[in-house]
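Okay, so here's the structure we're looking at.
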Amino acid sequence: MGAGEHFDVVDYGMLAFTMLASVAIGVYHGIKGNKTAVDFSMGSRSMAPFPVSLSLLATFLSANSILGYSGEVYAHGSVLAWSILGTALAIVFAGEVVLPVLHPLKLVSPNQYLEMRFGSVWLRRLSMTKSLVSVMVLLGLALYAPTLALAAVTPLSSTTFIWIMGVVVTIYSSFGGLKAVVWADAFQMLLMTAGVLLVTVMSCVEVGGVQKVWQVAYLGGRTEGLDISTDPRVRHTVWNVILMTLVNWGSHYSVSQANYQRVSSVATLSQAKRVLYYNVVGMTLFMLLVFFMGLGVYAVYADCDPFARGFIFSKDQISVYFVKDKLNNLTGVPGVFVAALLSAALSSLSSGLNTLATLLWGDVFSHTPCFRGCSDFVAATANKVLTVLLGAAMIGLAFLASKLGGLIQAGSTVVGVMAGPILGVYLLGLMVPFCNKRGAFAGLLSSYILCVWIAVGGFLTNTAKPPMLPFSTAGCPANSTVTTFISLADANKTIINTPGSAFSILYSISYTFYPFIGLVTCLIVGILVSIIASYQDPRTVPSELVLFCVRRFTKKESDVDNGVSCIRIESLKNNIYYSKEDE
């Protein structure tokens, strides 16, 4: 069966509807408002919590997430489902610990907090550069990767999808700013849920019901999720999955630019907390649905597996194969699935473009002599032009990824370990009032270097793919062969032994520990360097910049000699403070 053989007019209609609706939302908000840079990047700080929360959810759930997580359950079982608990804990941490400090500051970029707290523009620039590079690399991959799945379901090529998605997302992001991105994300989140729900339901119908799916998945070892091994070399266990998601999502929901823009687009702290807590519910339900979709698709092919027969070459392709194989003759069903993947990709891409435009404006261009004190119209126009230029760069990186897939994936692995170090430097500012700029800079830089070193070393050393759970071809035609079964105990293990290598133990550590290693390294180095290099007197730190539990050690706003620091804080709140290092 060729790709898109049964992709009929209804399916094309779903594809067109998704694209046109997204563009229409952008044009509407472009005409309606966005008179200032704050309108464009922060939604005038007056948006409703629920659509903002849907937007945040859609931002963090890409097409790669849908295909990757379902493929993970299909091939390795349900241990990764513990990520739901880690994510929920991370969101609670962000809402109760970090948000009460950062939200009242009313900044444009969370990187500005680092300059306020440590008095170092170079620290802000280092953090900004990390964010810029990582988001650009991930944007290129996020645009390219889902086009392969889309091309497999439709008659359109990967190249065509790159152009369509890249142009559409650039148009509505540049026209409408954050308001357009938020409302388009909310619309796209509904389509994502519909697509995943449809595939899940149809897989259950194909097998014979939810109970039958669970029974088949249980017999195949896919429901096994209680690996409590303490061996750090084991790929996924209960402990390392929770730890990884706690640090990763703790960073994303606490100090990422995408998150900060959304929680800052609502008026009050209580509304900002609602944005996050809606995400606890939304992320939990959606991820449970995705994981069960993986179980359902596995159950469909439990006795005649397409991976074992060589029909697919990656576990991430299983959901796409199911739609092509079982649902392609049902009118409209492939279109809904395509709309879901498109929506997942567009939401992540639009958020990335808006994030980068705001980041560059707030941390770079607004500080330059030609834009200081510029009119609202000039600032808003500059943000729109930045979005268009970034969209063009994103399309170029997607085409580069199509030519250098392995290299781009390696780059994605490198930037993906940065969550721990960046969360660490913010925690130094929030929790350690005696930490100075030397300590913060040393902690951030050293943890960056260590994480990149481990990631690159692991990528080059651990060339073997992790073993999968058993697949069967027993129910296939007689001329099919049965694959070799892998024991359940080894399904999540990737033990690398490199004789003679001094770093073999370090490189063999599961990738799930990388964020935690970065976090701990940043904290330890930052504290030690601060103590050695004339630690900062906590009484000189404005209390608004640290956690409530340590404010008794810092300078209160009511202190008589706090005038200078208070002026500095108020100036930065209005985005008009410029360090002498910028001159």
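Cβ from N, Cα, C; glycine included.
Unlike curated entries, TrEMBL annotations are predicted automatically.
Computed from a predicted structure; not experimentally measured.
Distant neighbours of the transmembrane segment (12-31): 154, 164, 168-169, 171-177, 179-180, 183-184, 187-188, 191, 332, 335-336, 338-339, 342-343, 346, 350; these residues of the same chain sit at least 6 beyond its ends, with a Cβ under 8 Å from one of its Cβ atoms. Under the heading transmembrane segment, TrEMBL lists 12-31 (among others).
Residues or ranges marked as transmembrane segment in TrEMBL: 52-69 (among others).
Annotation comment: TrEMBL describes 81-102 (among others) as transmembrane segment.
With a threshold of 8 Å between CB atoms, the same-chain residues lying at least 6 positions outside the transmembrane segment (132-154) that come near it are 3-4, 7, 11, 15, 62-64, 67, 160-162, 165-166, 257, 316-317, 320-321, 323-324, 328, 334, 337-338, 341-342, 344-345, 348-349, 352-353, 355-356, 359-360, 390, 393-402, 408-409, 411-412, 415-416, 418. Positions annotated as transmembrane segment by TrEMBL: 132-154 (among others).
For 160-182 (among others), the entry in TrEMBL reads transmembrane segment. Cβ atoms under 8 Å from those of the transmembrane segment (160-182) belong to residues 19, 22-23, 25-30, 32-34, 39-44, 47, 51-52, 54-55, 143-144, 146-147, 150-151, 261-262, 265, 342, 345-346, 349-351, 353-354, 357-358, 380, 383-385, 387-388, 391-392, 394-395, 398-399, 402 of the same chain, restricted to positions at least 6 beyond its ends.
Per TrEMBL, transmembrane segment is recorded for 189-210 (among others). Panel annotation: around the transmembrane segment (189-210), residues 18, 54-55, 57-58, 61, 66, 216, 286, 289-290, 292-293, 296-297, 299-300, 319, 322-323, 326-327, 333, 336-337, 339-344, 347 of the same chain, lying at least six beyond its termini, place a Cβ under 8 Å from a Cβ of the stretch.
The transmembrane segment annotation in TrEMBL covers 276-301 (among others).
Residues annotated as transmembrane segment in TrEMBL: 336-361 (among others).
Sequence-distant contacts of the transmembrane segment (382-401), counting only residues of its own chain at least 6 positions beyond either end whose CB sits under 8 Å from a CB of the stretch, comprise 34, 37, 40-41, 136-137, 139-141, 143-145, 147, 159, 162-163, 166-167, 169-170, 173-175, 177, 349, 352-354, 356-358, 360-361, 365, 371, 374, 408. As annotated by TrEMBL, transmembrane segment applies to 382-401 (among others).
The transmembrane segment annotation in TrEMBL covers 407-428 (among others).
For 440-460 (among others), the entry in TrEMBL reads transmembrane segment.
Marked as transmembrane segment by TrEMBL: 513-535 (among others).
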**Asked** With an 8 Å cut-off on Cβ pairs and a sequence gap of 6 or more, do the transmembrane segment (52-69) and the transmembrane segment (276-301) reach 3 or more such pairs?
**Response** yes
Between the transmembrane segment (276-301) and the stretches 81-102, 336-361, 440-460, 513-535, the largest tally of CB pairs under 8 Å belongs to 81-102
